[in-house]
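Have a look at the structure below, then the notes.
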Amino acid sequence: RRHRIKMAKVNAGAALLSLCLLLACSAGGTQAAYVDVEGTVRTEVEKAIKSNPGIGAALVRLVFHDCWFQGCDGSVLLDKTTSGGNTEKKAINNIGLDGFNLIDTIKYKLGNSVSCADIVVFAARDAARYLSGGKITYSVPSGRKDGIVSSAAAADAILPQSTFEFQQLVDNFAKKNFTQEELVILSGAHS
């Protein structure tokens, strides 16, 4: 009887080990079991800001324009869609968006261990932390899925326009449950 229990434990251990190996291989093959996603994003953002301080505000603007439209799904990064229409990058309200090359660089370094949507959110958070001298810190969960739908026309209809008067901005932000104070803070942060 003890022999059977011992064999059952060995078999269960072998099965668990096999499952772990299978999951590790299907998650990235020869990649390391742990990738420091947030550390890599932070390092790359800090390096970019030291080289070009304007990239910090650009990352905050990028996350705002991504999240405001369809949620934080990275769809603002898309160059083309299956429908063949213009993507959010081509939206009039997205003229001058920057930070795409930095997001691409980070994605290249991290591969499939993280979504582009998470990279955009982490990069903006890390830019705010770095530029504030550590006064702005907050954690954000990971696990966002990358969007596959992107429409310039839809983005232009929803994003605040650069020609909006103050009351139009207040109304636009109120639709997303933002206060006037939050409007001023967000507008100033990504300018």
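Cβ from N, Cα, C; glycine included.
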From Cys25, Cys72, partner that TrEMBL gives for the disulfide involving Cys67: Cys72
Asp73 (Ca(2+) binding site), number of other Cβ atoms within 10 Å: 22
Environment of Asp66, Gly71, Asp73, Ser75, Glu88, the listed Ca(2+) site - residues of the same chain whose CB lies within 8 A of the CB centroid: Cys67, Phe69, Gln70, Cys72, Gly74, Val76, Ala117, Gly147, Ser150
Reported mean pLDDT - the domain 'Plant heme peroxidase family profile' (36-191): 93
Under 8 Å by Cβ from Asp66 (Ca(2+) binding site), same chain, sequence gap 6 or more: Cys72, Asp73, Gly74, Ser75, Val76, Leu77, Glu88, Ala117, Val120
